[in-house]
Amino acid sequence: MTDRKPMTLPRLAQMHATGEKIAMLTCYDAAFASLLDEAGVDILLIGDSLGNVLQGRGSTAPVSLEDMVYHTFCVSRGHKWAWIIADLPFDSYHVSKEEAWKSSAALVKAGAHMVKLEGGGWTAETVRFLSERGIPVCVHLGFTPQTVNALGGFKVQGRDEAGAARMKRESQEAVEAGAAMLLYEMVPAALAAEITAASPVPVIGIGAGVGCSGQVLVLHDMLNITPGRKPRFVKDFMAGKDSVLAAVKGYVDEVKAGTFPVNEVHGF
Ligand code: KIV
C-alpha cells in the first residue's frame, strides 16, 4: 500500500457520495493504530469506550479530557493514513460552546482530525461554533452511551414514529449546523438506510444496519477479547483467523463488500 494517501474529509464525503463503504474501528494506542492502518481501516476512533475497555469502568461518563488527550496522542504517534476522530468526553462540552472549543482544541493538538460529540437538538449551537472555527465535527445520535441513565438503559432508538421523526430532525439540524459526519448507534436498519440515502454527509453505523455509509465497532469487541456478553451488533472477526491483522483485514473486507453487518443477524 505504498501509494496510499492520508485520508481526508473530501475523500470521505466522496466515498459516501459514490457508495464506497467506510471502515472504522476504535483505537486507543500507537501499536494498534499502526496495525489498523496497515489493515486498511479508513477511520480510527479514539472512543470514550476506553473507559469500559481499557479502564474497566461501568460506563463512559468518568472518562476525563486528560484521558482522551493522552490516548489521542498515542494513536497519532502510530498512525499514517487513517482519519482520526476523538470523542469529547461527558463533562467537556455541555456547559458552553467556549468550553467545547477548549476541549476540542486540546484533542486536535493531540492529533485528532475531527471531534465527536453525543446528542442532537441542543448540540447544534456547539457544532456550528466548532465547525465555523475549523474543527470538523461528527454527531453521535441514536443510543448515546454518555446519557445511558437518561435513556433508561441500552435501548434501540427511533423505533416508533415519534422517535424516527426525532432522528430525522436531529440529523438535519446537525448537518445544517455544519456537522461533517453523523454516527448512529442502535437505530433500526430501515430508518438508518433511509436517512443515509438522503444525507449530504457520511453516516457511520454501529448496530444501525448495512445501509449506512460505513461501519464502526469497538476493537476489543470484534477481536472477542471483551469479557462477558456482547451486544447483538458485534461479530467476532477473530473466529477462524490466526492473527489480529487477519481479523481486522477480514472486518475491512466485509464492510467494504457490504456483507457486514447482516441486518437480520446484527441489526434491529
Ligand atoms: O466510544 C466509542 O467507542 C463509540 C462507539 C460506540 C461508536 O462512540
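Any Cβ shown, glycine's included, is placed from N, Cα and C.
Remember, predicted model here, so these are calculated numbers, not experimental data.
Just one of LYS5, LYS21, LYS109, LYS116 is listed by TrEMBL for the same 3-methyl-2-oxobutanoate site as ASP48, SER49, ASP87, and that one is LYS116. Cα to Cα, GLU185 (active site, proton acceptor) and SER49 (3-methyl-2-oxobutanoate binding site) are separated by 13 Å. Secondary structure at LYS116 (3-methyl-2-oxobutanoate binding site), taken from DSSP and collapsed to helix, strand or coil, is strand. Those same-chain residues not listed among ASP48, ASP87, GLU118 yet with C-beta within 8 angstroms of the centroid of the Mg(2+) site C-beta atoms are GLY47, SER49, THR60, VAL63, LEU88, PRO89, PHE90, LYS116, LEU117, HIS140, PRO145, GLN146.
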